[in-house]
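Visitor: Below you'll find the structure I mean.
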């Protein structure tokens, strides 16, 4: 309550005084105790909180104009304004709650006095004058915005009126605007005249501050139509300028026969004239390229023939090595049997030798030892030693045979691995294409699909293909049972870039459009195809690391639902458990080394 607040202020002030004057007189001490007592009495007296309308009128009470002149008793002797939340002292004078509070704070702790008659203000005797409060609140007052506003209302309703008064002065709420206007004009200012208001861009409809709207349209609005940067006659939206370059007639492009040797560069709009005028020259280039390809194919066929001859030679050599190893293996088995027998004999002879040595010691110690028996024992001992020597010789011979066997086995494994590598390389040479196209034949579709569902293997990979003799090396990956989002219900097809022999000479990242298809075997030509254009920022289209198998695959996890492969309409994708997958790389603009 109000009295509790006054008491708190008085107590704090008295405590501060006591702390700063530790050596004060006994009279000061008694005064402090008296003030504390009075403050405590004031704190214990209940009183209501300050009314909100009175608090809000505090800042404007000196500008209030009453219809009837304000009585002197309703004027605060401290602030000289109308009394708000009146507090009466024992002397009969009333004060504003906040004025009395300030008076107590600024006066001596023992003697705050009334500014009218000098009567001592005793906090315990101060009370809220509710009767006076009711009279003051019902006084008629003019609106503070008079004479523009002619309203007359009671004092306790003034603040509520000011919150709706059309003549009240208000600050513009737009950031950066310092204008002050009457409430009745504020909405018009906010919506139509304020230079800091927000307006939607007429092109992109995004809200923009009016002062920045012209710069937005001139510099950054994505939907503003601008002149083509290549000076063609078209106007395009700012965010489509890059896309427009792909069709702009003023952009310089290479002749589509560049891969055959034509070096002409011309604007796109005039390239058709060049191609029409140079048909004969282009045909000669194509024929020359075909001749080179035929020569290269001849070289490849000769290389494949040499590889095949190497394979045949290696096969014969392998068969010869196998024939040599068979008797060695049999001989090794026989020697192992002999060694086993010798070891058993040696064990028996060692036991006999031990017995003989024991008998010799016994006979040597006994009287009348027979010489003949001694000679027989020596003979037996010599025989045993001879057998032991023979067993050791057999053991060394067996060790030599085992080393020979290991050497021949290693040589056999080496030739087998070389043969397998040559066969794989030969198979790759037979199936590799160099025109950016590959048709991949996948047989035993259902069997491989069931194995893939069990994770054996997780996917299939085609033989590599190239975009030229010295071009990009690529392959197809297929998940017959689906991958990612298509797992279990779609066929998934991907393309991967692989390390090639000529990667250092090629342009990176890879930018050519790639088309993947499954082929209709019914003859109706209802092939299913999907294409994608590489994202130059993706790592999948950067140069593959030399020690990597391939880059990350890119393609379609949901290429086609499995039920549309098995039971398609007007097509036959799987015939005799065989599916044909085709990949085609767009070679336009791709320079051949």
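Every residue, even glycine, has its Cβ placed from backbone N, Cα and C.
Curation does not apply to TrEMBL; its annotations are automatic.
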Visitor: Quick test of your reading of TrEMBL: among 16-50, 51-85, where does it put region 'Disordered'?
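Guide: Of 16-50, 51-85, TrEMBL gives region 'Disordered' for 16-50.
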Visitor: Looking at 161-205, 296-340, I want to know which stretch TrEMBL calls zinc finger.
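Guide: Based on what TrEMBL states, zinc finger spans 161-205.
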Visitor: Mean pLDDT over the domain 'TRAF-type' (216-265): what is the value?
Guide: 88
